[in-house]
Amino acid sequence: MTDSRLAIIILAAGQGTRMKSETPKLLHHLAGIPIVSHVLATARELDAAYTIAVVRHERDRLVDVITDQLPDGLVVDQDDVPGTGRAVEQAMDALPLGFDGDVLVMNGDTPMLDVQTLSGLVAEHRRSKASATLLSAYLDDPSGYGRIIRHSVDEPSVDRIVEHRDATESERAIAEINAGVYMFGVAELRDLLPQLTLHNAQGEKYLTDVVELLRRAGSEVSVLPVAESWLVAGINDRAQLSEAAAKMNALIIRGWQLAGVTVHDPATTWIDLKASIEPDVTLLPGTQIRGATVIARGAVVGPDTTLVDCEVGAGATVKRTDAELSVIGAGASVGPFAYLRPNTVLGANGKIGTFVETKNAQIGEGSKVPHLSYVGDAHIGAGSNIGAATIFANYNGVVKNHTEVGSEVRTGSHNVFVAPVTIGDGAYSAAGTVVRKNVPPGSLAVNIAPQRNLEGWVAAHREGSAADRAAKAALTKAALDEQGPDNSTPAASGAENPGE
């Protein structure tokens, strides 16, 4: 149910220069979705009356993501005045004047922050009736973070927040940091935001200065420490992104393990947030389950396998395979060393084997492509077997053409199907055949010319080579073998033994 007294402001205007990337910081992916998408999803769960995102750098790219997830949300562009205080000030201008509830302010780069923590902050703020309530955390290394300053260690309320660049040495020694998540009463926040100045080390309007202004006015500012500091960890560079990814992945894997999925090596297994896995699935080391991949009960995936937006049927096995936008049927077998490109569909109990590449290929129930083959732009019926080293030649340099292989077809090794071509049900093809014409049902396709052996070719064209020497030695041995035993011996000539 919508919380009619709650408004959320998401700060997403930062440039993210420490990422050193052409991609905006908030659009870097974490567990398969952009960083900001995690924050937006959490905000949506709170079901506030108003959700406002403040953007600036690469605003169009960010707005596409924001409006997709929060179609009813508001987007505000921050002007040239820098700082979180200015961002909130402009967001407040978009909030209806008749709104008289509470305002939750959060950063767009804290993807680990969950709805339970935020719900706890909202509840604590309303219980304490403080003018502001903020989240804090204790860090072993608080460098770079604003510090929570209290009158004394035992003082429950906050005196002020000092940013790292503006802090004294003694203040920098404080381990409690500002998590950048705040609850404010809307009326006091509206009154105080215009009083913020740019008089600080960074020349920005700090939202944190509102805390000091509240304290000067005699208002109460309370703080709620989080149980785990990683919950409020911001992401500013690639190292922090990697740390957050590892932590989130560990949480995702543990969730699946508790749901009945076997993960042999969590350290080398990666599962995206949108993946769906049924109980009794086994994931072997080096496996990546990406995108919206779905894996049915009893399947075994890995080792060393990457599935992106794939569907794996019950009891299937997928070993050392790279697959994207593909369907693997129940009981089917894929790999090792298979490459399934988009729109591959392998039927139940089918097989795509060793060193096989497929693309836009539908392979019927029980059909097999066991090894060393390429199947592209093709349909194979049920129960067929494609011989080793078979190529579906689908591209003529201009367009991709289709090959149709019927049911219960048996093709020989080293075939080439030159599309467009159709092989009828129950047809066979001989080894080495290049199929350029349609093959009727039940027929055998053969187009191999008689073999010719040009004797003496090596001696004539490669005289003195290793091949020539080997050939001459073999021919000499064959000639001697043909002569048989030496006819000069008495036994061989049939002469009487003089000793008899």
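Just so it is clear, glycine is given a Cβ too, placed from its N, Cα and C backbone atoms.
Unlike curated entries, TrEMBL annotations are predicted automatically.
Quantities reported herein were computed from a predicted structural model and do not represent experimental measurements.
Over in TrEMBL, the protein carries these features:
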ACT_SITE  His371  active site, proton acceptor
BINDING   Asp109, Asn236  Mg(2+) binding site
BINDING   Ala388, Asn394, Tyr395, Ser413, Ala431  acetyl-CoA binding site
REGION    1-238  region 'Pyrophosphorylase'
REGION    239-259  region 'Linker'
REGION    260-500  region 'N-acetyltransferase'
REGION    470-500  region 'Disordered'
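This view paints the features noted in TrEMBL onto the structure.
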residue	record	CB count, 10 Å
Asp109	Mg(2+) binding site	24
Asn236	Mg(2+) binding site	16
His371	active site, proton acceptor	19
Ala388	acetyl-CoA binding site	19
Asn394	acetyl-CoA binding site	22
Tyr395	acetyl-CoA binding site	12
Ser413	acetyl-CoA binding site	17
Ala431	acetyl-CoA binding site	14
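Residues 19, 28, 30-31, 35, 111-112, 230, 233, 266, 269-273, 277, 279 of the same chain lie 6+ residues outside the region 'Linker' (239-259) yet bring a C-beta within less than 8 angstroms of a C-beta in it.
Between the alpha carbons (Cα) of Asn236 (Mg(2+) binding site) and Ser413 (acetyl-CoA binding site) lies a span of roughly 55 Å. According to DSSP, Ser413 (acetyl-CoA binding site) is assigned to coil rather than to any helix or strand. The average pLDDT the prediction assigns to the region 'N-acetyltransferase' (260-500) is 94.
A distance of 46 Å separates the Cα atom of Asp109 (Mg(2+) binding site) from that of Tyr395 (acetyl-CoA binding site).
Under DSSP, the residues of the region 'Linker' (239-259) split into helix, strand and coil as follows: 20 helix, 0 strand, 1 coil. Cα of Asn394 (acetyl-CoA binding site) to Cα of His371 (active site, proton acceptor): a span of 19 Å.
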